[in-house]
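Participant: Provided herewith is a single structure, encoded as structure tokens, for subsequent inquiry.
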Amino acid sequence: MTPADVPAIRATGLRKAFRSTDGSPVVAVDDVDLTVHPGEIVAFLGPNGAGKTTTVDMLLGLTTPDAGTIEVYGTSPAQAVGQGRVSAVMQTGGLLNDFTVGETVRAIAALHGRSDRVEVVLDRARLTDLAGRRVEACSGGEQQRLKFALALLPDPDLVVLDEPTTGMDVGARQEFWRAMREDAALGRTIVFATHYLAEADEFAERTVLMNHGRIVHDAATTDVRAAYGGRTLTFRPPAEVVDADGIDADWLARVRGALEPLGVSDVDVSAASLEAAFLALTADTEPIGAAR
Amino acid sequence: MTATAGTTAGTTATTARPSTRARTSPRPDMPAYARLDLRRQLRDRIGMFFVVGLPTFMYLVFGIGSDDPVGTGNVAMYVMISMAAYGAVTATTSVAGSAATEQVMGWGRQLGLTPMRPVAFVATKAAVAMSVAAVPVVAIFAIGAATGARGDWSDWVLSGALVWLGSALFAVYGLAVCLVLRGSNAAGIASGMIVVLAFLGNVFTPMSGFMLDLGRFTPLYGYVALARFPLTDGWLPVGGRDPLWLPIANVLAWTVIFGLVALWGVRRSRART
């Protein structure tokens with residue numbers, strides 16, 4: 001029913017100010033223009049207080065902008081939410097502790113009028129085995145997966161994720177993004193806010209950097225990286241020159257000597273990252289909720 | 001394996017994308033939500049102890065076997081109405097209070113992302129609160145009927161209806177307290193204060209003198225006096241009589257007060273976001 005060229009999100013001149021506790025106004029979002037096309041995967045990056053969550057709230061119709069306009073699939077955010085075209089995993093969205101996982105999904109499914117999708121989303125968020133567990137007994141990562149399941153209930157065209165992997169351990173985080181990638185491949189538009197730079201780096205095609213309520217950079221993720229991050233070349237030394245103390249100093253000196261004529265300087269030796277080590281050491285544990 | 005079959009079916013279903021597919025606006029299934037919410041409330045053991053267990057216990061202690069005449073019935077009937085009122089009020093207070101707290105603690109944001117309208121939410125919560133309130137009324141009236149509470153049939157019907165319907169006022173009270181106090185323990189404070197108000201309101205023990213004069217101005221006094229009116233015709237256990245306008249004026253005044261406070265609380269919580 002909607003022409004393909006209607007953007008998933010079109011925001012112009014968005015502005016939102018709050019009163020802080022001492023009464024002085026704080027501008028959370030300041031003149032933000034943003035267009036996201038259907039099927040895009042966009043990361044919102046920025047330090048705490050950069051205005052990410054406020055922008056997300058306006059996208060979802062939970063907050064009305066002081067100035068500017070925002071359209072989601074050509075309609076108002078509230079209307080898009082009403083039609084089930086947009087949904088979100090919110091940082092501050094709460095769950096009821098005394099519902100079970102299954103009841104939580106059934107309750108929200110009822111409000112969407114989509115009780116038919118309960119089993120599908122439980123399965124997609126790998127919660128089928130946890131359906132009978134009370135929310136208060138779930139770990140932070142499991143609660144986050146539950147919020148993700150709730151977001152999938154209306155079968156939305158646009159999913160907004162605000163710090164979606166908070167509370168997940170490294171394995172659960174990778175598992176979560178794997179599931180998201182599958183969803184994106186099916187054509188969902190995904191916008192997520194995060195402060196894990198690695199997540200944006202790995203997952204988003206486009207990165208929007210926010211600071212002090214303004215968009216300071218908006219480009220393809222690879223361009224953002226190239227413009228500010230430089231590039232890193234890595235290689236693996238032959239096994240015989242590596243021991244527990246590190247790389248053999250003579251060999252390293254020869255590498256430096258060989259690279260110098262090519263204009264390479266600052267050769268640096270670093271160990272594998274802690275994250276990589278953690279993953280390698282815990283890799284044999286089954287991914288959470290894998291087929292049992 | 002059936003689980004795998006389910007996955008495949010789900011995945012193919014979602015492939016029917018992207019936005020070219022026509023969107024029908026689905027209708028929220030409020031009865032299904034109400035059922036789940038009601039079940040959650042009824043399974044809260046501590047909450048239900050204060051709603052059903054405690055007032056039943058107090059009826060058993062103070063009411064059973066008291067066959068002295070009161071109005072058109074007996075003391076057991078008088079105590080039964082009082083305790084049913086206390087249970088019903090505790091129920092509406094805690095359901096409405098927890099509804100306000102849920103909103104403040106973030107479940108409201110979750111609900112805000114569904115097509116449900118706020119007015120449907122309020123109606124559903126009211127239905128849940130009144131259903132929970134019916135539990136102590138039915139239970140204590142049944143126990144009363146079985147253990148010698150005595151009165152005209154019209155006393156039973158009118159008192160039961162007044163206890164049940166009047167408890168709605170305290171849903172507004174619970175909402176008001178929780179919107180003003182916020183915080184996760186606000187609902188507990190609201191229903192705790194009901195105990196104090198019940199003493200002041202002449203619900204538990206008959207009061208006299210200054211305490212009675214003071215009590216007449218407290219919110220539970222008018223409600224419970226009205227519920228007992230079919231039985232007592234306004235006569236008090238310690239002597240003296242309240243004219244009918246007094247409890248009615250009390251209930252109306254407190255309805256306005258709680259309503260205004262709740263409204264102010266809603267405005268204030270909106271202004272923050």
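Residue positions begin at 1 at the first shown residue.
Every residue gets a Cβ built from N, Cα and C, even glycine.
Heads up, here are the entries from TrEMBL:
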- B:1-30: region 'Disordered' (REGION)
- B:1-27: compositional bias 'Low complexity' (COMPBIAS)
- B:46-65: transmembrane segment (TRANSMEM)
- B:77-99: transmembrane segment (TRANSMEM)
- B:119-144: transmembrane segment (TRANSMEM)
- B:156-181: transmembrane segment (TRANSMEM)
- B:193-212: transmembrane segment (TRANSMEM)
- B:244-266: transmembrane segment (TRANSMEM)
Participant: Report, as numbers and ranges, every residue of the chain located at least six residues beyond the transmembrane segment (B:77-99) whose Cβ falls under 8 Å of a Cβ in that stretch; write 'none' if there are none.
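Facilitator: Hits for the transmembrane segment (B:77-99): 41, 47, 50-52, 54-56, 58-59, 62-63, 66, 70-71, 125, 128-130, 132-137, 139-141, 143-144, 149-151, 155, 159-160, 163-164, 166-168, 170-175, 177-178, 186-187, 190-191, 194, 198, 203-204, 220, 223-224, 227-228, 231-232, 237.
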Participant: For the transmembrane segment (B:156-181), could you work out the same-chain residues 6 or more beyond its ends whose Cβ comes under 8 Å from its Cβ atoms?
Facilitator: 81, 84-85, 88-89, 91-101, 104, 126, 129-130, 133-134, 137, 141, 145, 187, 189-191, 193-194, 219, 223, 226-231, 251, 254-255, 258-259, 261-262, 264-266, 268-269
Participant: In the same chain, which residue numbers or ranges, 6 or more beyond the ends of the transmembrane segment (B:244-266), come under 8 angstroms Cβ to Cβ?
Facilitator: 100, 166, 169, 172-173, 175-176, 178-180, 216-217, 219, 221-223, 225-226, 229, 234
